[in-house]
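Q: Pulled these from TrEMBL:
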{"type": "DOMAIN", "residues": "A:32-291", "note": "domain 'CoA carboxyltransferase N-terminal'"}
{"type": "BINDING", "residues": "A:C36, A:C39, A:C54, A:C57", "note": "Zn(2+) binding site"}
Amino acid sequence: MALFRKKKKYVEINPRRADELRERRAQIPDGLAERCPKCQAIIFQNSIESDYLCPKCNYHLQFPALKRIEWLVDEGSFREWDSNLTARDPLNFPGYQEKLDRSQSSTELKEAVVTGQAEIEHLPFALGVMDSRFVMASMGTVVGEKLTRLFEQATEKKLPVVLYIASGGARMQEGILSLMQMAKISQAISKHSQAGLFYCTVLTHPTTGGVTASFAMQGDITLAEPEATIGFAGKRVIEQTIGSDLPEDFQTAESVLKNGFIDHIVPRKKQTQVLRFLLTAHRTPAESAGV
Amino acid sequence: MKAYDIVKKARDIQRLSTIEIINALCSDFMELHGDRRMTDDQAVVGGVGLIEDQDPITIIGIQKGRNTEENIRRNFGSSGPAGYRKAERLMKQAEKFQRPVLTLINTAGADAAPDSEEYGIGEAIASMLITMSELTVPTLAIILGEGGSGGAIALALSDQVWMLENSIYSILSPEGFASILWKDSSLAAEAADIMKLTATELKELTVIDRVIAEGEKGKTFSNEELAERLIPEIKTAFEELEKQDSKDRVANRYERFRKF
């Protein structure tokens with residue numbers, strides 16, 4: 001019966017070591033490093049260049065809105081619009097205000113979109129940039145309001161609009177009021193278009209849900225960043241509905257281009273140049289006449 | 001030259017192509033993709049360009065491949081409904097932003113396949129014709145090689161239509177014509193003789209406005225030389241068209257096709 005009596009030997013560790021590790025980890029500041037979602041490499045914050053590409057595989061990392069604006073437009077040309085509009089909790093949804101507070105303090109933004117006016121090589125345009133760090137840049141009433149005002153003011157000022165889109169879709173905590181934003185924004189975009197003005201979207205990771213089904217697909221020209229997820233219903237939802245797996249490239253910018261819904265995939269390194277070209281090629285008659 | 005010899009020249013895949021003209025005409029060009037319905041048809045190349053860094057133009061053309069691989073990708077220059085819907089989308093944009101439209105045609109005909117039928121190739125061409133008839137911006141169409149049937153006229157309801165000297169423009173291919181009329185497609189050469197599909201014959205019938213020479217004194221131009229000669233002609237034509245009031249231009253175009 002030696003077999004049962006024989007005691008298995010385990011590696012012994014200092015019981016205090018686990019606590020020590022926990023303590024040491026607590027001393028590492030948050031957000032110092034992150035993993036590249038594509039190549040899994042650990043990226044230290046201070047190794048990220050101003051274009052937020054993975055230094056190892058060039059994956060287009062999540063780009064904080066204010067950083068993106070600083071990187072994209074002529075230095076000092078950005079003037080923010082409606083900077084006083086702050087996310088709110090219109091339906092008194094349990095836990096929502098706390099979630100907003102947390103997002104506001106971690107991102108230093110008041111809502112998931114920053115809007116304003118800027119220039120690229122002295123070509124003026126209205127600019128909106130969504131930030132997926134803020135409640136997945138979902139479309140709440142204030143996101144909708146800021147975007148609607150962006151188009152209304154652009155129409156008034158006869159400016160083209162460039163919109164960097166990222167969104168998880170509707171903001172569940174604002175329910176039906178979130179859905180109404182799709183209608184509200186679409187109306188403003190239509191008026192802007194009827195005035196003969198140019199609207200260019202840049203779809204970034206992820207562009208989904210009600211945002212895809214409204215202002216993401218209403219541009220005159222639709223650009224996308226490489227490998228961005230672009231779709232309506234989530235991949236998991238569809239897999240559960242049809243009961244089978246979906247292909248690897250499902251809802252990637254590359255496959256959506258092939259399906260005919262995107263004009264061009266433009267890597268970050270080329271975006272300023274491409275937008276300069278498009279703003280030049282889409283001068284409105286009033287602008288080119290010097291009005 | 002016999003008509004069928006011109007047919008053969010028109011079908012040469014090394015002929016001056018849409019992409020070569022785009023590169024010669026534009027200082028900067030961005031191809032725009034997709035029909036916003038189901039796919040991106042690569043038989044049609046379209047986009048927006050700048051002439052001499054300042055004048056925007058919309059260019060849409062049919063591109064045949066130069067080798068087998070490219071030909072498969074471009075479906076041998078036969079566009080399905082998606083290609084025409086992409087072209088129509090880009091034309092509506094040209095109208096919105098008041099850019100002239102240049103169309104470049106080289107197709108044996110629209111894609112004849114079950115898929116294209118199911119997705120409405122007939123409707124796609126029909127809708128293009130309406131859109132082109134409503135454009136108020138200057139439009140010029142140039143037939144570079146084959147101008148086959150509905151697939152060609154879908155892009156050629158323009159203020160002016162030109163043909164390269166050795167291109168053809170017809171109701172269908174000489175083979176198809178022979179097979180319908182004489183139930184024998186091998187009689188294509190005889191068909192070509194009577195179909196009036198050459199540039200000179202079509203100029204006489206005023207179906208087209210200009211024939212562009214492909215050579216002089218017995219020497220044929222290279223593609224580069226031909227493009228170089230064509231570009232200033234295109235620029236002048238658009239300048240002339242822009243001088244007209246858009247109402248006159250639309251009325252003239254109406255009469256241009258009304259007379260047939």
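Placed from the backbone N, Cα and C atoms, the Cβ positions cover glycine too.
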Q: Does anything in the same chain, at least 6 positions from A:C39 (Zn(2+) binding site), have a Cβ under 8 Å from its Cβ, and if so what?
A: A:C54, A:K56, A:C57, A:Y59
Q: Cβ within 8 Å of the Zn(2+) site's Cβ centroid: which residues qualify beyond A:C36, A:C39, A:C54, A:C57?
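A: Leaving out the recorded residues gives A:P37, A:K38, A:Q40, A:A41, A:I43, A:P55, A:K56, A:N58, A:Y59.
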Q: Go through A:C36, A:C54, our binding-site residues, and report the one whose Cβ sees the most other Cβ atoms within 10 Å.
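A: Within the set of binding-site residues, the most crowded position is A:C54.
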Q: Give the mean pLDDT for the domain 'CoA carboxyltransferase N-terminal' (A:32-291) on the 0 to 100 scale.
A: 92
